[in-house]
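Participant: Pasting a structure here, questions to come.
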Amino acid sequence: MSRKVFYISDGTAITAEVFGHAVLSQFPVEFEALTIPFVETTQKAEAVKAQINDCFITTGERPLVFHSIVKAEIRDIIYSSECIDYDFLNTFVAPLEDQLGVKAVPVTHRTHGKANHSYEARIDAINYAMENDDGQTLKHIDKADIVLLGVSRCGKTPSSLYLSMQFGIKAANYPFIEDDMDNLKLPEVLKKNKHKLFGLTIDPVRLHEIRQSRMENSRYSSLRQCRIEVKEVEMMYKRERIPFVNTTNHSVEEIATKILDVTGLERHMF
């Protein structure tokens, strides 16, 4: 039987989910998770408490509760439920107050709320990533923080969007297709922005599997074509001295972090 887990917050619950998942992923146990955001009133907190208690009665095990609740009166209600409680905010707030010599000023939604310049930067970056996805236009490449290159289905779009949503980075991406392979070279506009270029590559077998799910038994998805494209693109990266990373078996979070590590790009979100 899987262990029940609750992620609870008086905001989006993203912080509780991220921290909780990072901890639980270390254990070879199956977890059944429920996320409950915007628990902003004592009435909502009482309803969540009842839900937790029902879970305990049903399973015979106290569920794990990861939360990032700012208001003390709401936290106290969750504390009083039949749960194993992990309070991320309070775990760090008191020691930091001692070190900084300043009392915390609790504000709901501060972590993932609308925060002036940071929020606007993220929205601008997301819009930019969508408008400059898959080589739709090269008119605004000069405004990019980074331009991701690669063959079709190697992870360019999700990586671009993650960089924009998570870090406020303006990421364009440009695909190399079958027709490019006979004489593969960078378009002039990309050559002029070579310092912004970053390549993605992928294992040909994995690329074949991904393309098969999209266009089964086509030339585009054939293992032979995948091998040709990956080989040609990697040779071009090396020839042009473009840094690149292999996306095979890596999550979009890992890919984005590797890109930031290699390029030294500044995060705009925090």
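Backbone N, Cα and C atoms are what each Cβ position is placed from, and that goes for glycine too.
Under the heading ADP binding site, Swiss-Prot lists Gly150, Val151, Ser152, Arg153, Cys154, Gly155, Lys156, Thr157, citing sequence analysis as support.
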Participant: Taking the centroid of the Cβ atoms of Gly150, Val151, Ser152, Arg153, Cys154, Gly155, Lys156, Thr157 as the ADP site, which other residues of that chain lie with their Cβ within 8 Å of it, listed in sequence order?
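Facilitator: Close Cβ neighbours, site residues excluded: Asn173, Pro175, Leu200, Ile202, Thr247.
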Participant: Out of Arg153, Lys156, which of these binding-site residues shows the lowest number of other CB atoms within 10 Å of its CB?
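Facilitator: The binding-site residues Arg153, Lys156 were compared, and Arg153 has the fewest Cβ atoms within 10 Å.
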Participant: For Thr157 (ADP binding site), list the number of other Cβ atoms lying within 10 Å of its Cβ atom.
Facilitator: 18
Participant: Just how many other Cβ atoms lie inside 10 Å of the Cβ on Val151 (ADP binding site)?
Facilitator: 27
Participant: Taking 10 A as the limit, how many CB atoms besides its own sit near the CB of Ser152 (ADP binding site)?
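Facilitator: Neighbour count, Cβ to Cβ under the 10 Å cut-off: 18.
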Participant: What are the sequence-distant neighbours of Gly155 (ADP binding site), meaning same chain, six or more residues apart, C-beta distance under 8 angstroms?
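Facilitator: Correct list: Leu200, Ile202, Thr247, Val252, Ile255.
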